[in-house]
Amino acid sequence: MRIEEDLKLGFKDVLIRPKRSTLKSRSDVELERQFTFKYSGQTWSGVPIIAANMDTVGTFEMAQALAGFDILTAVHKHYTVEEWAAFINTASADVLKHVMVSTGTSDADFEKTVQILALNPALNFVCIDVANGYSEHFVQFVAKAREAWPTKTICAGNVVTGEMCEEPILSGADIVKVGIGPGSVCTTRVKTGVGYPQLSAVIECADAAHGLGGMIVSDGGCTMPGDVAKAFGGGADFVMLGGMLAGHEESGGSVVEENGEKFMLFYGMSSESAMNRHVGGVAKYRAAEGKTVKLPLRGPVGNTARDILGGLRSACTYVGASRLKELTKRTTFIRVQEQENRIFNSL
């Protein structure tokens, strides 16, 4: 046993220090980025935000809507091959280039992903998703996926420390997903005592990944557009959002009514709700590590997407970054004990 004395920080612990800017308008900021990935060799351009691969966020409908904003969607792994085929038959090439195919690490997951990718060559992204990216089985699966799909861009996770961020990259991942426990409906930290403050995880993993020519996606912990800006400022190449995109018409959650008001259910993918729906319940040897919440219906996701992108543009103007690519090198974080004046938050 040992204790690390270094303080680790989350998004709530910092603000971005404003700097001199020559920008005249938020409209001068370019949010689109262009990446060429280490192993796949694919070049992609767009806004590097990803809708999370949760079945109450990463839906086909969400992919259709967010493609119009140049945003990616990691479509959840619980759609059947037949449902994928129906979606591909109606989706445009532009939508498909904004889609990531999510998979677990079982043999059945692998075979299903093989079938999905065979449906259309425009599906260029694979998202390998496990809660604990510290297992040897996960790293071996990444290597297997790279061998099977040499031209696909592979995103894999989750990890939170620099040394383990390197492992999936060395095994064939182009992008590593960073985050254990920061999600709004994740209870891993309270059930297990395991986790890592998200901003520090992003900073440390970005340093490790970039040294190997890889990239990272900050997954979880964002509650507002300012957190998205902080994630990019900390070195994230992509930012994945779950709770911020939940509760919309395109989100796919079940709608319930209470006292004449309608709500949409949103739950973590390790919650009892998710396991009851997809695997027949919580196995006797494990505990649920997620919760279910009821969100007031939020309408079309387009309004939220505009708010996020607008906040991101504004953050760039405050530090003089004319392009999102410049935000990291123009970011100085200051530690704080308050984020906002909350006097009217309860009204």
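Glycine residues also receive a Cβ, built from the backbone N, Cα and C atoms like all the rest.
The feature active site, thioimidate intermediate is assigned by Swiss-Prot to C186. For 108-131, 216-239, the entry in Swiss-Prot reads NADP(+) binding site. The K(+) binding site annotation in Swiss-Prot covers G181, G183 and is backed by sequence analysis.
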Least buried by Cβ count (within 10 Å) of the binding-site residues V114, V228: V114
Candidate with the highest Cβ count within 10 Å, taken from the binding-site residues G181, G183, G234: G234
Least Cβ-crowded entry, counting other Cβ within 10 Å, from the recorded positions listed as A108, V126, C186, I216: A108
For I216 (NADP(+) binding site): DSSP state (helix, strand, coil): strand
DSSP three-state assignment for V228 (NADP(+) binding site): helix
Around the Cβ of N120 (NADP(+) binding site), the count of other Cβ atoms that are within 10 Å: 17
